[in-house]
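Below: one structure, written as structure tokens.
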Amino acid sequence: MKKRDMMWIFLFLIVFINGFEAGGYQASLYVIGQTYDLSVANMGLFASVELFATMLAPLILGNWADKSDKIKCILILLGIQMCFSVAIFSIDLEAMFIGGIFFLGLTTSALQFIAIAALVELYPLTGKKKIGFLTSMYALGALLSPLFVDFYLKRNISWKMLFLTLAIGSALAIAGTLLTGKNLSETADVDADDGEISGGFMVVGVLLLCVVMCIYVGFENGFAFFIDTMFTKELNSSSGKYALSIFWAVMIPSRIIVGLFSRHAKKILYASVIAIPVLTLVTANMTSGNIVMALCIPLGFASGAIYPSVLTTLMNYSGERKATATAMITVSTGIGGVVFTALTGIMADAFGIRHAMMILGGFFIISLICVYSTKLVEKRGAGDEMTEKIS
């Protein structure tokens, strides 16, 4: 096997590390709060530092990534990530932790969208199939890291082990990226016609998909944060955490399947934005915890399909500005996570958790309209491209 043919493995590793860091930090937040004697409100502020950096990164680094060699960008960001991970692990200062977690939010966010853009550019023939597998790596990392954190905390190992692990993972990713090189692994067949729209940067199409992702991530966060509350208060059950684990776990095979059927990404996206509000409506009206747990399987499956489907569709609208387009998607996910999570809590206080869930699912009507509207963008894009060829 040629060295460059393994580059995708390390792009997958980078995204896995990102998910691992996100899930691990969430799982460690309470213990970190005890270390620095934080109130619950201050713990929320600690969490928001990384979230703010996550939203900031695409705004300040997206254009840089498009104009620069993406492999060099990845190496620089991995180096910064490794340095600040080591700093958090070795320095016992609250200010160092806050600064370090800010830069980790910045680097993980940037690495996420640059890795996706690099994957599509390095693998023009199979990149869209690989997107499904790539996004499943984030879900896998987020699923495994809380188990890892729980394992070492029960053995009285410091919560800082997470950041040492992150530093080691970053070092492995740097080594692998340097070894595999930066040459293109595939050459696109310019004569191949897969029926997809390809051309310049279609800003309207990208913005429509940003709305879809904003609503999806908002729903995902709202559901994830409040499903345990619904089990406890409405269903008198302690199985909420198991339901949440099921919800996340089924996203992994869902995203892999989307990758295998990437040619049908738009159809899968339609099915998902229709299925989620229907399943949410049914789930919110159930009185049995076991039935709700069972419904988390198709709900998680439909939710997991949206991210890779959007990214695959996005590549048809991004032209040569793939990192910028992916960065716009990343910003929209951050906005959705903050706004809709807060909105779910407000609605739960005002109308009850069941009605809050139903209203949250109802936002997917807007997503459906946006997905349908992309057809108009594609027709216009195809028409403009045909006009250019004739002229």
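Placed from the backbone N, Cα and C atoms, the Cβ positions cover glycine too.
Annotated domain 'Major facilitator superfamily (MFS) profile' per TrEMBL: 7-379, in sequence order. Per TrEMBL, the feature transmembrane segment maps to 38-61, 73-91, 97-119, 131-149, 161-179, 200-219, 239-261, 268-285, 291-311, 323-347, 353-372.
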(request) Summarise the model's confidence over the domain 'Major facilitator superfamily (MFS) profile' (7-379) as a mean pLDDT value. (result) 87
(message) Below 8 Å between Cβ atoms, which of the listed ranges 131-149, 161-179, 239-261, 268-285 makes the most pairs with the transmembrane segment (353-372)?
(response) 268-285
(request) Please check if the transmembrane segment (131-149) comes into contact with the transmembrane segment (38-61), where contact means 3 or more CB pairs closer than 8 Å and the residues in each pair are separated by 6 or more positions. (result) no
(message) I'd like to know if the transmembrane segment (323-347) touches the transmembrane segment (38-61) in this structure, counting it as a touch only when three or more C-beta pairs sit under 8 Å and are separated by 6 or more positions.
(response) yes
(message) If I count Cβ-Cβ pairs under 8 A between the transmembrane segment (97-119) and each of 200-219, 239-261, 323-347, which range comes out on top?
(response) 323-347
(message) Please report, as numbers and ranges, the same-chain residues at least 6 past the borders of the transmembrane segment (239-261) whose CB is under 8 Å from any CB of it.
(response) 128-136, 139-140, 142-143, 223-224, 227-232, 268, 289, 292-293, 296-297, 299-305, 307-309, 312
(message) When you look at the transmembrane segment (73-91) alongside the transmembrane segment (161-179), do they share 3+ Cβ pairs under 8 Å, ignoring any pair fewer than 6 residues apart in sequence?
(response) yes
(request) Quickly jot the same-chain residues contacting the transmembrane segment (268-285) by Cβ under 8 Å, restricted to those at least six beyond its ends, or write none. (result) 212, 219, 223, 258, 261, 292, 295-296, 298-299, 302-303, 305-306, 309-310, 313, 354-355, 357-358, 360-362, 364-365, 367-368, 371
